[in-house]
Amino acid sequence: MAAITIKTEEDIRGMRVAGRLAAEVLDYIAPFVKPGVTTGELDRLCHDYMVNVQGTVPAPLNYCPPGYTPYPKSICTSVNDVICHGIPGDKALKNGDVLNIDVTVIKDGYHGDTSRMFLVGQPSILARRLADITYECMWIGISKVKPGAHLGDIGHAIQQHAEKAGYSVVREFCGHGIGKIFHEEPQVLHYGRPGTLEKLVPGMIFTIEPMINAGRREIREMTDGWTIKTKDRSLSAQWEHTILVTETGYEVLTVSPGMPAPPAFIASQDTQAVTA
Ligand code: MF3
Ligand code: CO
Ligand code: CO
């Protein structure tokens, strides 16, 4: 297992820029997410914004981890019972759909990775509650990040909050270290036991990106080689930020003017660096 890299000041400066640019793609696309738009159109808009406006590289395009076929698009769009890695296509969004849009950009060699939930028209109360609880799960995980804490503290806090709400945590996919490499050590599980796994050290950078199902946690893989759905066809939600471990706690790197505010229960001194 490769060691967890500790980022230099120069790396951190590069990761702040990449993180902000990834978040700004989500700000840009938000007004286009409406009934009638296809996920393929959202992909084209994001792609053109990244390449022509930002001068960033869409990291997903042709991304090909071992055992996979190259990913064919520039963003992931995961609608309703799609957990993650949904491939944009010609299907139009309809009133009541909920989807995750996941953006990863590369700028000057550094990756910024973030995703948000979007509600199309007026989704069900269940769908909105699932998106809200999953957002709280991400932030409860983020709030555990500080030197000396363990990765297991993050996973445990997320799992507790999800299961208390009657939901389940997807096990097959996790957060990840990130930097000049898209997916690197450590794996950041969204379930677990306090005090277990790696101890956090200033300069580590990783994502926290819980996938939470309204029903059971089991998954099924589609034959396109990428799309992951809930086995029981229940709704699934996900949010993602890229996080730096600082001397005193954490800094959220994927910040932008349009990002949703942290939940009210996240203490403001903890989020001092959110808008850095
Ligand atoms: N952005 C996803 C993540 O959070 C990874 C997508 S891989 C892709 O890790 F190839 F599907 F884009
Ligand atoms: Co990620
Ligand atoms: Co992502």
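Cβ coordinates are placed from backbone N, Cα and C, and glycine is handled just like the others.
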One of Glu10, Glu24, Glu41, Glu209 listed by TrEMBL as binding divalent metal cation 2 at the site of Asp113, His176, Glu240: Glu209
Candidate from Asp97, Asp102 that TrEMBL assigns to the same divalent metal cation 1 site as Asp113, Glu240: Asp102
Cα-proximity to His183 (substrate binding site), 10 Å cut-off, over binding-site residues His176, Glu209, Glu240: His176
Extra residues within 8 Å (Cβ to Cβ centroid of Asp113, His176, Glu209, Glu240), divalent metal cation 2: Asp102, Thr104, Thr114, Ser115, Gly175, Ile178, Phe206, Thr207, Ile208, His241, Thr242
Close-lying binding-site residues around ligand 3 among His85, Asp102, Asp113, His176, Glu240, where CB distance stays under 6 Å: Asp102, Asp113, Glu240
